[in-house]
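Here is what Swiss-Prot says about this protein:
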- 1-402: region 'Carboxyphosphate synthetic domain' (REGION)
- Gln285, Glu299: Mg(2+) 1 binding site (BINDING)
- Glu299, Asn301: Mn(2+) 2 binding site (BINDING)
- 403-551: region 'Oligomerization domain' (REGION)
- 552-962: region 'Carbamoyl phosphate synthetic domain' (REGION)
- Gln840, Glu852: Mg(2+) 3 binding site (BINDING)
- Glu852, Asn854: Mg(2+) 4 binding site (BINDING)
- 963-1136: region 'Allosteric domain' (REGION)
- 964-1122: domain 'MGS-like' (DOMAIN)
Amino acid sequence: MPKRTDIKSVMVIGSGPIVIGQAAEFDYSGTQACRVLREEGVRVILVNSNPATIMTDPEMADATYIDPISTPILEKIIAKERPDALLPTLGGQTALNAAVALGEAGVLKKYNVELIGASLEAIDRGEDRESFKKVVKEAGAESARSDIAHTLEEVDAIAERFGFPLVVRPSFTMGGLGSGIAHDTEELHRIAGAGIHYSPTDEVLIEEGIEGWKEYELELMRDRNDNVVVVCPIENVDPVGVHTGDSITVAPVFTLTDREYQKLRDIGIAIIRGVGVDTGGCNIQFAIHPDTGRIIVIEMNPRVSRSSALASKATGFPIAKIATKLALGYTLDEIQNDITRSTPASFEPTIDYVVTKVPRFAFEKFPGADPTLTTSMKSVGEAMALAGNFQESLGKAMRSIDKRHMGFSWDGEKPSEGEVHELLEQMRIPTEHRYLQVMRAIWGGATPEQIFNATKIDPWFIDQFFQINATAMQVRGAETLSKRLLRKAKLAGLSDVQIAHLRRLGDEGENTIRELRWNYGLHPVFKTVDTCAAEFAAQTPYYYSCYADETELRKREREAVIILGSGPNRIGQGIEFDYTCVHAVQELGKDYDTIMVNCNPETVSTDYDMSDRLYFEPLTFEDVLEIYEAEKKQGPIKGVIVQLGGQTPLSLAARLKAAGVPILGTTPEAIDLAENRELFGEVLRQEHLNAPRFGTALSLEEAREAAHNIGYPVLVRPSYVLGGRGMEIVYDDAQLETYVNRALSEAKADTVVSGRLPSPLLIDKFLQDAIEIDVDALFDGEELYIGGIMEHIEEAGVHSGDAACTLPPSTLSDDQIRRLREATLAIAKGCQVRGLMNVQYAFMANTLYVIEANPRASRTVPFASKATGVALAKAAARIMAGETIEQQRENGLLLPYGDGGDVRLGQQVAVKESVLPFKRFRTPVGKTVDILLGPEMRSTGEVMGFDRDFPHAFAKSQLASYEGGLPTNGNVFISVNDTDKRQLPLFAVRLVELGFEIWATEGTASVLRRYGIESKIVDKIHSRVDTDPEHPIEIQHAAGSVGKNVVELIEEGQIDLILNTPNSRGSRSDGYSIRAAAIAADIPQYTTMTEFSAVLLAIEAVKKNDYEVMSIQEHSRELYELERKHKEEGEEARAQ
């Protein structure tokens, strides 16, 4: 069937901010969709609140709205743009739920907008638990015994019938949010209560526990002629009980018989037909009992999912692209396979290699969080590897995770019998360390049966782990490392670093092993991903390495640039860095062959048709050097870009240069100059720039001396970190001692000598009550171009990645902006930057302080680019390749005059707000972890509010980050520290004028009473040990109080807004319980007075309900017009 001709314009809804369970994979799928629609001549209207996405680039759609994905805003855009159809299946659960809400509100009918990709009925049958159970039954398959509940009373009744353990699964949520496994009534109430809250339909499915069963997934696609293909089967190494996003997964499947696999196919095809997905794809999850073979259907997603992105990258079959074509009316047999260009999409992909995905976690960012892996997803990113066998693929994937333990470790002494027993007990509870525990137990003598009984991991995988250990022991014990043994080690997935450790070769061991390997002529070869197990020739150069005989690399003629990506998403290094890499690829591809190296299956950069060559490889020194050596033989290489992918590639710069690899842009020496505190301090002194007083320390004594010289409070952090890892504000000697002792315990044991750390701690004076500013800039060696000046809405002390900020700045004077510009130019020259740089400043009492400079792309580059209409990363890539800023003005990449530091009258305002994952992380007794923000970054994503002035833009940013946005009336709870009480009366008067009733603790209420402001008194909470069930919360009744504390009032739904500024040690104060309860109830809460002043302005804007919706294409034209007028006015003034 040919494409439908009645669809002229389509609205695509994105997935919004990066959150756990819904990450960069939807930027990948959304970008694919937009490209397909435009290629087909369809006008594209895109809505997404996340500026750090390629899909929100102006060239991806005809009209791009970086606005909240809420029904009122979406209706405004639909009314303005009048699309023929809405495509919601490529924006995750957010887009699907938004489409359902638009349908229920009558908006789709009112404006005659057709839903394509999936009907409302199909969405309901796939997402609603009860409806889906019926579909499964009609398909002749089995679900786990279960029942639906909407209240805790109904939950208890089901528990009485089924007994424990029970699985709770909410309807219409993603990433298993609100789900969990309950082993008793208390756990059941906690999990089910959260599930009912997070489900938009207040519905949970309670099902019998099937922990320990084997788990599989199928990715399927179906067209309107009822053709169905199974794109990829995926096997979870972890058994049922661990969310598939937190499990190691592999393709193809290894532990199914052909008969079992065919049974899963038959069930999957019957279900996709029964649900009614007839123009797109879906993901179905199954469980199989390891002994009886009983098959249970767990759930399905009637949309492109996280697993779809993994399956696409694993097979080379672009699911999102094909789903979009199916939504336009094509059938599978009419769509060409891009990789072979000779087979249709109705040919099911076949793979002759092994794909392994390993999750990346960030528990270290959330002290007190329960590290147990359950049915609610907790990983923040993932890495994928391809190789010739499972062992090699697993080894590559584990070192791609980029953590301190790069895969399995056999360091130290062989575990004793007692330690093995302890390890077997520990691995019964799944955590991120389970596989390291398994390998250590095997090394210590555990049997396969013991490992299986403790983990329920399939015996086939356990046997693979035993084989890896056996190879490691051969390497460890051999007198000499023969070529044959070294090759065997490589086929077992062991890196040069691991082999060096096994051989006890010390610091230079990796280089020693590499030299030996190269002397033996042992190099990996590079194979092509072709979708068909080499049955047809692949036209797309999409490569992976393995230790085999024949390489499939082809010669090239053009000079090449290698761009190193950022690896798996993690807090502090996320999608923003992939955005800059993709821009570099797009721009440099005009003049060079672009070679992308990355290992993240979620990203746009690992789309096989984004770069000229794609290497799906770990970002380690060994793997990158092998790619460089292989590519050098295929054609000329201009150099490698390490500046755009964050700290991971940046940390390789010096070693790559030492190995003879040319580095483009800022040199490794200049990178070290900016990162080294003493050297950078000298640059600042020469340029007469202020910095907070600082010192460095390798021991507790040195740290104490530095802190006393500087004066408390101080900011303490390790050197060379991203995302404020390990950063803390310290107020006294006791807190400092705790910090240093923790740093010593976390350092590798063999690097700590006599209580001294291997690398110094940095200790800075903490600037209280200062305004913090981020500046992104380009420098070509002569000229500076300011990309954007972003003023933080919170005062200094909150990590820049977590802080809300505004562009243009809202309170800085022209003189302050001039001083920022001059300081940035001086630092760029002093650090010899070439390309992008980011400098963080603070104004305290109008004195400018330099906090730090980063000679690389920062996480604010996408936001600054969208707010100013300038593709900063594209211009930076050309500057790194040797061009000038003047050339970028001439070719249209940069503004022809002026830059992002100029503030124009009438300019639209952009506000960036962070999105935090706290509702995912709970303590072992079920409380959410503390949300109090500080110098260590904890956000996973961001949103952008964009409107005519700051109040409206900030209000949009809150609407995009809080479900429902800011309240316009109701009850506001206030509890502020003594320092903030002087500002409080003005805030309180405004709240009363806006129609709020104030509820406050006794101390705050008495301050308000002195100013004639009435408030309801709420009991205070005293929590001795928040996470200890032996010490429950005690309540102290205040005179004249309502008789309840604020936590009870929040749980009863009586509080609509919270202002809670903690004291200097906030995280252990009463505030913790308040903040934890507010997260669970999804109530907007603010912990600084400066941000709350912005909230008051925003509430006024919300009450007016006169938001503007402006596409970024319109905004860009407006900015250029403002710049032109400004230039003309300047020329006229000079002429006079």
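Note that Cβ sites are derived from N, Cα and C of the backbone, with glycine treated the same way.
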Spatial neighbours, same chain, of Gln285 (Mg(2+) 1 binding site) - Cβ under 8 Å, 6+ residues apart: Glu215, Tyr216, Glu217, Thr244, Val297, Ile298, Glu299, Met300
Three-class DSSP secondary structure - Asn854 (Mg(2+) 4 binding site): strand
Binding-site residues (Gln840, Asn854), the one with most neighbouring Cβ atoms at 10 Å: Asn854
Distance [Cα-Cα, Å, rounded] between Gln840 (Mg(2+) 3 binding site) and Asn301 (Mn(2+) 2 binding site): 43
PLDDT averaged over the residues of the region 'Carbamoyl phosphate synthetic domain' (552-962): 88
Composition by DSSP (helix, strand, coil) of residues within the region 'Oligomerization domain' (403-551): 74 helix, 10 strand, 65 coil
Tertiary neighbours of Glu852 (Mg(2+) 3 binding site) (same chain, Cβ under 8 Å, six or more apart): Phe680, Val839, Gln840
Whole-number Å value for how far Asn301 (Mn(2+) 2 binding site) lies from Asn854 (Mg(2+) 4 binding site) (Cα to Cα): 41
Same-chain residues at least 6 apart in sequence whose Cβ lies under 8 Å from Asn301 (Mn(2+) 2 binding site): Gly126, Cys282, Asn283, Ser307
Protein Cβ atoms within 10 Å of Glu299 (Mg(2+) 1 binding site), excluding its own: 18
